[in-house]
Amino acid sequence: MKTNLLNYDLQGLTRHFADTGEKPFRAKQVMRWMHQSGAQNFNEMTDLAKSLRHKLNEQASIEIPKLMMSQESSDGTRKWLLDVGTGNGVETVFIPESDRGTLCISSQVGCALECTFCSTGRQGFNRNLTAAEIIGQLWWANKAMGVTPKNERVISNVVMMGMGEPMANFDNVVTALSIMLDDHGYGLSRRRVTVSTSGMVPQMDRLRDVMPVALAVSLHASNDEVRNQIVPLNKKYPLKELMAACQRYLVKAPRDFITFEYVMLDGINDRAQHARELIELVKDVPCKFNLIPFNPFPNSGYERSSNENIRVFRDILQQAGFVVTVRKTRGDDIDAACGQLAGQVQDKTRRQQKWQQILIGQQG
């Protein structure tokens, strides 16, 4: 079986070449060809000796996930569905803005965490993505988006906020992050790469030590009672532990704040009292808030907060001195908005079946 070199960061690729009797510097050459030139076969790598190209063709491969579908929203948002085998597909979304181009990348086929307001969570869970399947999303998007008139890459920022919980696929995500940051890969700065987590505290500590990129935390509640209901992981790592982990992370973080993501659910977490509880909760954590109007999906059981409730909630936080943004809903006409990514998941958890039974019971 051939070795897919897309699974290696520079350290791994260097080790691979050394193990196969080749000069270690070849790793940098091959990495640049794969990630900066978008090469898909070794014959394109003209600065490698023919004998090495032949050897690589015999022993190795560059396997990119295949494109299943591409869509473009009326607002310029683009979504790609990529085939990761055995009937599974993951979604990657590009969001254009005036000062940046952000790519939202998936880390798992489905998600095991069962956050109740998230479409991905309803799809169940199949498996972790490999490092090649994670970085392959950036490879595809770079190929599709090209460069600006100034010969700069259109994709300037990456957020690990697609399908799945990145911290639950720690090793493969870290390898992909290493490729993103490497000057022989995509050359992104740590400040422009963000990992989002629902609050896996031990993995937050590990990421701080090995790959401290910008951090976003899917908070979504101001107290344990509400968060236990909508983010079940909170029962394992309650808010007090999560806030302490955020403080520890900031010691090595490239930014001096944590971004707290907060989906606005009508009547659940969007009242003035919740905003005041939030202020008390995060008082020792330098942070900013990203309020996310809930993006409906069929049979979710939730409603989007009213614009008035979102405004009042935002104003309370701002008056307390916090930086607060209300996320614009982008790509909702192609189901590319936050919380809508579902891909194609061959569920191994029977979660889809469970939700169908619940819905049938409600209808009965």
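Even glycines carry a Cβ here, placed using N, Cα and C.
Quantities reported herein were computed from a predicted structural model and do not represent experimental measurements.
As recorded in Swiss-Prot:
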- Glu91: active site, proton acceptor (ACT_SITE)
- Cys338: active site, S-methylcysteine intermediate (ACT_SITE)
- Cys111, Cys115, Cys118: [4Fe-4S] cluster binding site (BINDING)
- Gly164, Glu165, Ser196, Ser218, Leu219, His220, Asn295: S-adenosyl-L-methionine binding site (BINDING)
- Cys104-Cys338: disulfide bond (DISULFID)
- 97-333: domain 'Radical SAM core' (DOMAIN)
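Annotated features taken from Swiss-Prot, shown on the structure.
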residue	record	Cβ contacts under 8 Å, 6 or more apart
Cys111	[4Fe-4S] cluster binding site	Cys118, Thr120, Gly121, Gln123, Phe125, Met163, Gly164, Glu165
Cys115	[4Fe-4S] cluster binding site	Gly121, Ser198, Ser218, His220, Ile230, Val231, Pro232, Leu233
Ser196	S-adenosyl-L-methionine binding site	Val159, Met160, Met161, Pro166, Leu215, Ala216, Val217, Ser218, Glu261
Leu219	S-adenosyl-L-methionine binding site	Arg227, Phe260, Glu261, Tyr262
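Across the residues the record lists as binding S-adenosyl-L-methionine (Gly164, Glu165, Ser196, Ser218, Leu219, His220, Asn295), the two Cα atoms farthest apart are 19 Å from each other. A straight line from the CA of Cys104 (disulfide bond) to the CA of Glu91 (active site, proton acceptor) spans 9 Å. Distance between Cα atoms for the residue listed as 'active site, proton acceptor' and Asn295 (S-adenosyl-L-methionine binding site): 16 Å, as a whole number.
If you average pLDDT over the domain 'Radical SAM core' (97-333) in this model, you get 93. A 10 Å cutoff on Cβ-Cβ distances gives His220 (S-adenosyl-L-methionine binding site) a total of 25 other Cβ atoms nearby, all chains included.
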